[in-house]
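The annotation transmembrane segment is assigned in Swiss-Prot to 14-34, 39-59, 70-90, 93-113, 115-135, 155-175, 213-233, 252-272, 284-304.
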Amino acid sequence: MLKFIQNNREGTALLAILTLFALLGIIDRNYFSLQTFTMIFSSAQILILLAIGATLVMLTRNIDVSVGSITGLCAVTVGMALNAGFGLAASCLFALLVGMVAGFFNGILVTWLRIPAIVATLGTLGLYRGLMLLLTGGKWIEGLPADLKSLSTPILFSISPIGWLAMLLILAMAWLLGNTAFGRSFYATGDNLQGARQLGVRTDSIRIFAFSMNGVMAALAGIVFASQIGFIPNQTGNGLEMKAIAACVLGGISLLGGTGTIIGAILGAFLLTQIDSVLVLLRLPAWWNDFITGLVLLGVLVFDGRLRCAVERNIRQQKYARFTARAIISDKKTTVSDNTPAASNKKKAAL
């Protein structure tokens, strides 16, 4: 059972989502509906995009805690560009470029300068947050054009253009990681860095690409944030890094690298957003969200560690049992061969 849970974290996350839907459907029959599902998906889009980027980084056995600051910086970038008179496409492309450069810089710090990822991204967290506040003077950005808000307006099956883009990105990344040699390089890099290098994997390029794509996903999340609420507060992106990591771990992405899937991370993001909707349903204050997220992350990490130890212990016991069984069989064969007439004659001749 433990091995099944360890190997099917996506199924476990999906079961948790369906169970929560069923329980809340019993409490409020209106909750169990397509409208509720699309509403949660719309609310989860920012976290889904961040989870996609965080998955790539965590698969390589790294972590990026600066994504919240990159999200805020890129939201400010697109807002300032739009208010300066640039078109929507140019403003969004500029924000994506800023996100990619920020992620690339993180990758350079980790791969070329050999700074531990947690230390490097803690530094850039403050750097990007400070740059965001310098650009805005600590003020909010308001008066964003309607074109930006249209990106989050439902168009087909109550899903916005950004929502459809997010689903395409999920499918593309799932295919990339599961069906290409380039995608499997992420797993190899995170599982055994030196072994991957000996196999010819360009591990530095893989890690830099992972951080760069993480920056792009954070930039896209910043664009979604600005389009959904129509203005940009000076604290945009605060705390999102913890939620992104929690979503990935909840969906089966290992902090030790080399394990997990995009689908699992997306299910984890959806489950966390669903928990937030429960808090709204129960009319609990908004500041409970961070507490619940931290509690879920801590609980999943403890459970994951205990589960991994239990599975490894079970595997060791099975190996020991097989070894013992082979030893017993070997002893029996030796005893039988010693009791044969030919063996008896050899013993007499020796005497």
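Cβ coordinates are placed from backbone N, Cα and C, and glycine is handled just like the others.
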Residues of the parent chain within Cβ reach of the transmembrane segment (213-233), under 8 Å, 6 or more residues beyond its termini: 42, 45-47, 49-50, 52-54, 56-57, 64, 67-68, 70-79, 92, 95-96, 98-104, 106, 136, 140-144, 148-152, 162, 240
Recorded stretch, among 70-90, 93-113, 155-175, maximising Cβ pairs under 8 Å relative to the transmembrane segment (252-272): 155-175
Intrachain neighbours beyond the transmembrane segment (70-90), with Cβ under 8 angstroms and 6 or more residues off its ends: 46, 50, 96, 98-99, 102-103, 128-129, 131-132, 135-136, 141, 143-145, 147-148, 215, 218-219, 221-223, 225-226, 231-232, 235-238, 240
Same-chain residues at least 6 beyond the ends of the transmembrane segment (115-135) whose Cβ lies under 8 Å from its Cβ atoms: 57, 62-66, 68-70, 72-73, 76-77, 80, 102, 105-106, 109, 234, 236, 241
